[in-house]
Amino acid sequence: MAAPSMKERQACWGARDLYWRCLDDNAEDAARCQKLRSSFEASCPQQWIKYFDKRRDYLKFKEKFEAGGFQSSQSTENS
């Protein structure tokens, strides 16, 4: 498989960005963004889609973690 051309990469990234923006605007409701998801899948290699999905999950986790949305499972009071 040949590497995607610059135009193909830009189309992929653009489709990804539109899909992610839709998810952000619709409280992660994937059903409302199905058309953009289909466009994203049609524009990007399958391996990239897997990577971008994992990347988004990580970025959302990191954002919540940094905002203090997670508590430590171990108590530090006894240390």
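Here the Cβ of each residue, glycine as well, is placed from N, Cα and C on the backbone.
Looking at 33-44, 57-68, the range tied to motif 'Cx10C motif' in Swiss-Prot is 33-44. With respect to their backbone Cα atoms, C12 (disulfide bond) and C33 (disulfide bond) stand 16 Å from each other. A gap of 16 Å separates the Cα atoms of C33 (disulfide bond) and C44 (disulfide bond).
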